[in-house]
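Peer 1: Here it is, the structure in full.
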Amino acid sequence: MSRTGSLAASPGTRVGSGPAPVRTGSVRAGWPLYEFALTAMLMFAVVTVIRWVLDPASPFFLADFQQALLVVGALTGAMVCGLILSPWGRLSGAHMNPAITFALWRLKFFPGRTVVVYVFAQLCGSLVGTVLARLAWGPAVARVGYGAVAAAPSWDGWAVFAAEGACLVPVTLMIGFFLAHPARERWFPWVLAVLVCAIIAVLGPLSGGAANPARQFGPALMSGTTAYLWIYLVAPGLGAALGAAAHHRMTAPSYGYGR
């Protein structure tokens, strides 16, 4: 079986169909460009799906918001899985999420000096992907707020912060598990797809269910819905840090989790 794909990859390290560790080497110069392109493609797809299922004028409009979120979640999860397994994803790692990049750094599987470059590429990709969706689908994209997520009116900022941060804890633990058990890494893209779908379906009506700074960045800037933008940018990274700390605790010598 060909072993070419990763959440994190580096010259001279093993690269597999799931997350492959970056322990020492450096990220190659072109890889942030792949992250930019992958994130742009993801955001174009997300905004496109939202345009078709949440615009009342669309022939595919779903009046049941929970049903619409399930469709958005399933298609987003499938897109994430496909991009991870794509040729570019197998090179850059297909993080497409600053919180994932941050999690890999805190898990000691990604070089810290490259975090800022990857995050910048992902945020730029978010904006470009959203703009491309607007160019492709016209005013209908504006009618659905460019795909920006929004919290329930009954949820205040701190509740949104807690939810958007907390959902990254299990995601980071899952990443850590596959990094600690490389023989099972081929399942990583599929498990992540299910988690993405679940987060969108469960948190979508509550906190918005972005769980990804890049997911909200482009749509928020384009739609002007920036009131809670700082929360969607900061909370997932904090959750990733907590998840990484829990992973290190669970893989300490007194535990058997990482063996």
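Residue numbering: from 1, along the chain as shown.
Heads up, the Cβ atoms here are built off N, Cα and C, so glycines get one too.
Sharing the features that TrEMBL gives for it:
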type: REGION; residues: 1-20; note: region 'Disordered'
type: TRANSMEM; residues: 33-53; note: transmembrane segment
type: TRANSMEM; residues: 65-86; note: transmembrane segment
type: TRANSMEM; residues: 115-137; note: transmembrane segment
type: TRANSMEM; residues: 157-180; note: transmembrane segment
type: TRANSMEM; residues: 187-207; note: transmembrane segment
type: TRANSMEM; residues: 227-246; note: transmembrane segment
Peer 1: Do at least three C-beta pairs under 8 angstroms join the transmembrane segment (115-137) to the transmembrane segment (227-246), pairs 6 or more apart in sequence?
Peer 2: no
Peer 1: Quick one: find which recorded stretch in 33-53, 65-86, 157-180, 187-207 has the most Cβ pairs under 8 Å with the transmembrane segment (227-246).
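Peer 2: Stretch with the highest Cβ contact count: 157-180.
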Peer 1: Please work out whether the transmembrane segment (157-180) lies in contact with the transmembrane segment (65-86), by counting C-beta pairs under 8 angstroms that are 6 or more apart in sequence and asking whether there are at least 3.
Peer 2: no
Peer 1: Are there residues at least six beyond either end of the transmembrane segment (65-86) with Cβ under 8 Å to its Cβ atoms? List them, or say none.
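Peer 2: Distant contacts of the transmembrane segment (65-86): 5, 7, 17, 38, 41-42, 45-46, 49-50, 53-54, 94, 96, 188-190, 192-201, 204-205, 209.
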